[in-house]
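Q: So TrEMBL has the following annotated:
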- A:6-24: transmembrane segment (TRANSMEM)
- A:65-85: transmembrane segment (TRANSMEM)
- A:105-129: transmembrane segment (TRANSMEM)
- A:154-172: transmembrane segment (TRANSMEM)
- A:184-202: transmembrane segment (TRANSMEM)
- A:214-232: transmembrane segment (TRANSMEM)
- A:300-331: domain '4Fe-4S ferredoxin-type' (DOMAIN)
- A:365-397: domain '4Fe-4S ferredoxin-type' (DOMAIN)
Amino acid sequence: MQYIPNILFVLALVFGIGFFTRNVKKLTRNIKLGKDVDLSDNSSTRWRNMIRIALGQSKMVVRPIAGLLHVIVYLGFIIINIEVLEIIVDGVLGTHRVFAPLGPVYNFLIGSFEILALLVIVSVVLFWLRRNAIKLQRFIKPEMEGWPKKDGNMILYIELVLMCLFLTMNAADFQLQQLDAPHYTKAGAFPISQFIAAWFQGLSIESLIIIERVAWWIHILGILAFLNYLYYSKHLHIILAFPNTFYGKVKPQGEFNNLASVTNEVKLMMDPNADPFAAPAEDTAEPEKFGASDVMDLSWVQLMNAYTCTECGRCTSECPANQTGKKLSPRKIMMDTRDRLEEVGKNMDANKGEFVPDGKQLLDDYISREEIWACTTCNACVEACPVSIDPLSIIVEMRRFLVMEQSAAPTELNNMMSNIENNGAPWPYNQMDRLNWVNE
Amino acid sequence: MSEALKVKTMEEFMAEGKQPEILFWVGSAGSYDDRAKKISRAFVKILNRANVDFAVLGSEESCTGDVAKRAGNEFLFQMQAMMNIEILNGYEIKRIVTCDPHSFNTLKNEYPSLGGSYQVLHHTQFIKELIEQGRLSFEGGMYKDKRITFHDPCYLGRANSEFDAPREVLKKTNASLVEMKRSRKSALCCGAGGAQMFKEPEKGDMDINVMRTKDALETNPNIIATGCPYCNTMMTDGIKAHEKEESVSVLDVAELIANSL
């Protein structure tokens with residue numbers, strides 16, 4: 001009978017991690033629906049970027065207030081997780097505070113976890129106020145209505161509850177240690193929870209044990225639940241920020257990729273020896289589709305970008321089109337890409353892993369042409385993203401589809417392009433007059 | 001302009017069996033746009049004064065294809081690029097200077113994988129080089145009591161991380177340089193990029209160039225300095241929208257230096 005808690009704990013752990021693994025598999029499958037791109041280049045720059053941008057939070061602090069609060073929650077998350085390790089060992093083995101023999105080191109650790117927990121609580125409350133009371137512009141844009149807003153608050157509530165449970169658990173433990181309760185080794189420092197412990201004065205050992213156990217269990221079950229919430233939430237960034245910054249763009253921001261499929265065709269067109277009437281060879285593959293109208297036309301990095309986006313809206317708040325009231329919002333481009341990808345994924349789940357065309361696509365059903373054409377390709381969104389997401393690359397891929405597959409550019413742009421074709425300039429001037437400026 | 005400009009084409013260099021120090025890529029705006037032509041002339045004035053042995057392609061130059069690429073027409077871009085590369089490689093061009101950050105970006109970053117690798121400079125980088133090498137010197141009293149604010153072109157600044165060259169060159173005018181709240185990496189676009197120059201903007205509540213000009217006017221400048229022909233047009237229109245064309249002028253860095261010579 002005495003092993004029942006251990007068994008229940010192991011079951012919860014296996015179930016929690018198992019379900020999470022299932023979601024990770026689904027996530028990787030969906031990301032791999034994207035086209036393959038070779039990003040094995042520049043590995044040392046990539047490692048440096050990951051360490052600087054994701055681990056070092058270098059882009060977060062560009063906005064000092066949000067940056068500082070985020071660093072606190074981030075450090076809290078990472079450091080307090082050392083405690084989760086102890087909780088897991090205790091849960092499996094039925095021990096209590098198994099790391100206690102570390103002595104002063106242990107006291108220091110528990111003490112700093114507590115201080116961090118308090119700082120996290122303060123930050124989370126401030127984050128909540130920014131979203132719900134101060135109503136910062138970027139949190140109340142149209143794309144944030146409904147689930148995205150709920151999701152943002154839900155994460156804050158979960159973090160708040162987890163931190164409070166952690167402190168409550170420690171407070172009860174501290175009080176039990178004071179009462180020399182058996183099994184409760186005297187260990188740890190409780191700079192914050194000692195104040196909560198004051199409220200527990202006069203409670204019996206039995207009641208305190210109930211409080212301590214209940215807080216301990218809900219805390220660890222809450223963490224497992226939170227882990228599984230990630231896949232359904234924008235909070236996935238806590239994991240994907242690392243690969244995403246690693247695979248982020250290492251070239252100058254202004255450099256757009258040259259489509260290799262186009263290069264081949266252009267070379268053929270310019271080759272004087274090519275026979276323009278030659279029949280295609282029998283084994284010729286179907287010509288590649290230019291640009292993107294749906295998520296499968298994007299690269300896997302662009303799809304990972306979509307899952308990494310935590311909807312902070314820094315991109316949108318820096319976007320010149322958005323600032324001047326246009327419909328384009330780079331954040332919405334990323335959110336739409338993720339939503340469509342999830343829809344495709346669910347479609348595959350329902351059809352034994354095969355995608356059955358559903359008459360929908362990313363273009364038009366999610367992202368409108370008005371949004372696509374409002375972009376100035378200024379790279380402000382790319383620069384603003386704290387985790388190296390590139391919304392601009394998706395916009396360009398969709399323009400490529402519109403122009404090269406559908407000939408659906410705005411009329412003025414068609415005029416501009418036919419000028420280039422006819423006389424080598426975006427305006428209708430004669431190429432022979434190119435040097436007239438010298439003598440004017 | 002009173003001074004006659006000395007401009008030679010690559011064809012002429014070839015006929016003499018010579019190779020120029022640099023090729024000046026004039027670009028379509030610099031060749032045809034009335035406002036941008038003045039920038040080309042100002043830059044040539046600087047080149048002439050510094051005795052730079054430069055060439056232009058003249059009627060052999062064609063659109064880089066940059067704007068077609070940003071509009072999504074990769075075909076047209078690569079056609080233009082390959083035609084230009086054929087000419088540039090034919091003349092064995094090593095070093096290119098241009099007053100247009102869009103040409104600069106595409107020649108520097110997007111041409112190499114299509115077979116055209118050159119050392120490409122923005123004109124502010126080249127002017128900086130000329131001053132540093134002592135090939136170009138001037139008193140610089142002309143703008144002594146003026147306040148100048150520099151608007152970073154997206155395709156020079158954010159896109160290629162060149163923020164200092166234009167500023168260092170501007171310092172030589174002895175004017176006082178004032179920065180806008182949003183500058184360098186966080187500079188706001190003028191609104192012309194991504195082929196917007198050639199179309200009407202989408203529905204909104206303001207034009208981007210009007211918003212950016214407001215940023216500039218907040219520094220209370222006499223002159224808004226630009227480093228891109230398209231930014232120049234957008235800021236000039238912005239000044240008009242704010243009815244400040246009497247008190248504030250929009251000039252390219254090259255023009256400010258040429259006027260100081």
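Glycine is no exception: its Cβ is also placed from the backbone N, Cα and C atoms.
As the structure is a computational prediction, the values presented were derived from the model and not from experiment.
What does the local environment look like for each feature on the list?
A: Sequence-distant neighbours of the transmembrane segment (A:6-24) (same chain, 6+ residues past either end, Cβ-Cβ under 8 Å): 88, 91-94, 220-221, 224-225, 227-228, 230-231.
Proximity of distant same-chain residues to the transmembrane segment (A:65-85), defined by a Cβ-Cβ separation under 8 Å and at least 6 residues beyond the stretch ends, is recorded for 57, 109-110, 112-113, 116-117, 119-120, 122-124, 126-127, 130, 159, 163, 166, 220, 223, 238, 312.
Packing against the transmembrane segment (A:105-129) from elsewhere in the chain are residues 69-70, 72-73, 75-77, 79-80, 82-83, 97, 99, 153, 156, 159-160, 163-164, 166-167, 170, 187-193: each is 6 or more residues past its ends and has a CB under 8 Å from a CB in it.
Outside the transmembrane segment (A:154-172) by six or more residues, the chain places 73, 76, 80, 83, 110, 113-114, 117-118, 120-121, 124-125, 127-128, 131, 188, 190, 192-194, 196-197, 199-200, 208-209, 211-212, 215-216, 218-219, 222-223, 226, 229, 233-235 with a CB less than 8 A from a CB of the stretch.
Broken down by DSSP into helix, strand and coil, the domain '4Fe-4S ferredoxin-type' (A:300-331) contains 20 helix, 0 strand, 12 coil.
A mean pLDDT of 98 is what the model gives for the domain '4Fe-4S ferredoxin-type' (A:365-397).
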Q: Determine which residues of the chain contact the domain '4Fe-4S ferredoxin-type' (A:365-397) at the Cβ level, with the cut-off under 8 Å and only residues 6 or more beyond its ends counted.
A: 49, 53-54, 57, 59-60, 62, 237, 240-241, 244-245, 248-249, 253-254, 256-257, 291-292, 297-298, 302, 305, 308-310, 312, 314-321, 326-334, 336-337, 339-340, 408, 410
Q: Do any residues, 6 or more residues outside the transmembrane segment (A:184-202), come within under 8 Å Cβ-to-Cβ of it, and if so which ones?
A: 96-97, 100, 106-108, 110-111, 114-115, 117-118, 167-168, 170-178, 208, 211
Q: Can you count helix, strand and coil residues in the domain '4Fe-4S ferredoxin-type' (A:365-397) using DSSP?
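A: Its residues divide into 18 helix, 1 strand, 14 coil.
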